[in-house]
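Feature list (source: TrEMBL):
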- 6-22: transmembrane segment (TRANSMEM)
- 101-119: transmembrane segment (TRANSMEM)
- 131-154: transmembrane segment (TRANSMEM)
- 230-253: transmembrane segment (TRANSMEM)
- 286-312: transmembrane segment (TRANSMEM)
- 318-336: transmembrane segment (TRANSMEM)
- 348-366: transmembrane segment (TRANSMEM)
- 372-395: transmembrane segment (TRANSMEM)
- 416-442: transmembrane segment (TRANSMEM)
- 454-478: transmembrane segment (TRANSMEM)
Amino acid sequence: MVFFFYLTILTILLHVFWIDTLKKRKRRKVCYAVGEVPYQITTAALNVSLQIFLLDVVQMEASYVSMILFVSRAWDAVTDPLVGYLVSCSNWTPVGKLTPWLILSTPFGVLFYLLLWFVPQGSTSQGLSVLWFLTAACLFETLMSCYNVPYLSLGMFLGGDHTDRDSATAYRMSVKMAATLLASVMQGQVIAVYNTEKQESCEHLGQAHETVAQSTSSPQTAPLQKTQKAFLTSALIMGALFFICSLILFLGVKEQRAPLCSGDPVRPSYLASLKMLMRHIPFQRLVLGFVFTALAFQMSLGNFALFCSHVAELGAQFQHLLLVLLVSASVAVPLWQTVLLRIGKKATAYIGLSLFIPAVIIVACVPSNLPVFMIMCVPMGFSVATMFLLPWSMLPDVVDDFAARHPSCRDLEPMFFSCYAFCSKLAGGLSVGISTMTLQFVGYRAGACNHGDGVVTALIVLFSPVPIALLLIGLVFFRSYPINERRCLQHQEQLTPIQ
């Protein structure tokens, strides 16, 4: 596991010294990429551990846990476009327009992330406990939107041409893969502590029932305290990484002023801005294409663990399969960056996304074969890297196209990035909802050791045929995506005199 992590770091360093030759630009891109770590590690930790933490450490009822997770994610999705509009309306300051949002959101984001893993002591009722975690989750998601939306938009203001911008995006995606791997390893250790303490608790509880009838709370107290300490320790480490990486971003990246336009700038209202974005054809095609592909990837990979456990009977090896997939994705990011410079972004998207189709077909057709699974996780990882890299590399081209068509409209870059982030989160929510409803319909029972043929069939369908169909729909939308490399160069020539 440690070997895989260091291999990922080595890949990033090779990419740093491979793509660029100018030290100043290289340093700026690396510092910009490090700013991806806070959002990625906290998001990965919450996705992996928050549900378990609330259920078994806080001992909250499942209905309340579902409500907290749903409301916080819905709130997160809704706040992205609103924060994007507020950022676009901000004025320039001595440190920039986007940087103040990063500076102010960082300490409060760290604080509320720590509060998410802190259990209020004393006689706190169930209702107050639910209110505590719901408030902390919603405030943390709001602060992360205040951090992530300006950070994503900052890639448009690093200086240089579109090639430098694409290179900075590749740096960011490499760091994103490494941060995901690091968070998965850290939370995996916490979950291991949780599983050990849970097993001990069950053994003590069984012994207690054999000797004397007593409540189940006393045998569970000590293990819960140890598990809570493990979660809190992990949160402190990630909070420190959050602050350090934000500091590196602030010290290493100087925000460049946006190009000046002739005439008085126009700042449309919030609804008018959304309407202009939705009517922009390249943005429509890009968003629809990647929403369907994101829905396909998240549905397949979201059910990968259940598929390994109940269809392939390889649940014990799932962590190793996941590591192979993540390391392959990390290695693939700089390779895809080199490929898109040679053949173009649209062709790279077709090739990279198409690798996912034969991989999931082979995995679905050859169950219970660990070597085949390991081999197929490599092309799946390469395809996942395409899914991470290409949308954020193509979105700035859409922003340039919009700026060339509407030269009087300024400062709408955060709206583009926030609206795309909203659509990506919407795809994730739809994936979880469709998968959960399907499994519930076919009779999936949580905690059951064996499931019927209906559940097995549903998992196969959710893992392979349905994602393939969604991915093909996304590729059809990419077919009508109008921006190519020649058009990007025309936009650069058109916008350069303005700058």
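Here the Cβ of each residue, glycine as well, is placed from N, Cα and C on the backbone.
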Best-contacting stretch, by C-beta pairs under 8 Å, relative to the transmembrane segment (454-478) and drawn from 101-119, 230-253, 348-366, 416-442: 348-366
Spatial neighbours of the transmembrane segment (372-395) far in sequence, C-beta under 8 Å, 6+ residues away: 152, 155, 166, 169-170, 172-173, 176-177, 286, 290, 293-294, 297, 301, 308, 312, 314, 317, 320-321, 324-333, 335-337, 340, 345, 348-349, 351-356, 358-360, 362-363, 366, 416-417, 420, 424, 481, 483
Close approaches to the transmembrane segment (101-119) from elsewhere in its chain (Cβ under 8 angstroms; 6 or more beyond its ends): 35, 38, 42, 46, 50, 53, 57-58, 87, 90, 95, 133, 136-137, 139-140, 143-144, 146-147, 149-151, 154, 228, 231-232, 234-236, 238-239, 242-243, 246, 249-250
Stretch among 131-154, 318-336, 416-442 sharing the most Cβ pairs under 8 Å with the transmembrane segment (286-312): 416-442
Beyond the flanks of the transmembrane segment (416-442) by at least 6 residues, Cβ under 8 Å: 73-74, 76-78, 80-81, 83-85, 87, 145, 148-149, 152-153, 274, 277, 283, 286-287, 290-292, 294-295, 298-299, 302-303, 306, 391, 395, 398-399, 402, 452, 454-455, 457-459, 461-462
